[in-house]
Amino acid sequence: MRLVLVGPPGAGKGTQAEIIAERLGIPKISTGDIFRANVSGGTPLGLKAKEYMDAGDLVPDEVTNEMVADRLAQDDAADGFLLDGYPRNTEQAKVLDGILKAAGAELDLALELVASDDEVVRRLSGRRVSKSTGKVYHLEFDPPADPDSDDLYQRSDDRPETIKNRLKVYAEQTAPLVGYYEAQGKLVEIDAIGEVDEVTARALTAIGAAE
Ligand code: ADP
Ligand code: ADP
């Protein structure tokens, strides 16, 4: 199954992608995670991406598309994948369609996680990440054992000023993707409000993989 996950920052894409990809036995490919790993590693790709990420802007398409094309060319993605956070504008969606077409494949579905601005701001503000395991917590909704632990950090783009710009970028550049996939008959809207398990169940039902 070839899937993409669309939705505003904080909607729960990463959380759901992890669970759904495991359930379906396909790799989860998160462009945000790949960028962050490159920023921490100080690679040339990380250096290119950092200033855009810090500002909450999109990393330029040519950088992002090349990175995704390389990742999709790896063996584990040959029969299926779940993309989390890509595409993020219509141009990227067209490039993805082209990459798949060249490989004789096509996207199956685009899952849209739907959540209000108020809810995503609440989710982003309380998001904390474990340095040692990468696990994503929420101070209120999925609290870590010790909220004061040195192992936890807040993503620098989860601060209020940057959140505001990310929501603007989503509305202006990413939301039009919904229409793009709707026109292809591939869009599935999923209500992202509720417990993590409930949202997963809705997503699995929508893709016909419910147990
Ligand atoms: P969130 O999960 O909160 O939506 P991500 O981890 O997906 O955030 O992305 C973090 C940042 O990485 C984005 O604000 C952007 O700067 C960059 N980024 C991730 N994916 C893309 C993409 N497909 N195109 C351009 N920039 C991206
Ligand atoms: P995204 O990848 O879309 O930016 P995340 O999966 O990182 O979103 O989730 C954002 C924050 O919201 C995290 O702190 C996560 O623990 C929390 N979260 C995810 N799903 C839910 C949910 N269904 N209810 C409440 N909080 C959630």
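Any Cβ shown, glycine's included, is placed from N, Cα and C.
What TrEMBL says about a protein is an automatic prediction, not a curated fact.
Checked against TrEMBL, the range among 30-59, 60-89, 90-119 recorded as region 'NMP' is 30-59. Summary of the site annotation: TrEMBL records ATP binding at G10, A11, G12, K13, G14, T15, V136, Y137, G194. Screening the candidates R2, R127 against this entry identifies R127 as the one listed for that site.
Record note: TrEMBL gives T31, R36, D57, L58, V59, G85, Y86, P87, R88, Q92, R166 as AMP-binding, and the candidate from R23, R155 in that site is R155. Around R127 (ATP binding site), a 10 Å sphere centred on its CB holds 20 further CB atoms from the protein chains shown. With a CB cut-off of under 6 A applied against ligand 2, the binding-site residues G10, G12, G14, T31, Y86, R88 are reduced to G10, G12, G14. Of all the binding-site residues listed here (V59, Y86, R88, R155), Y86 has the Cα closest to the Cα of G14 (ATP binding site).
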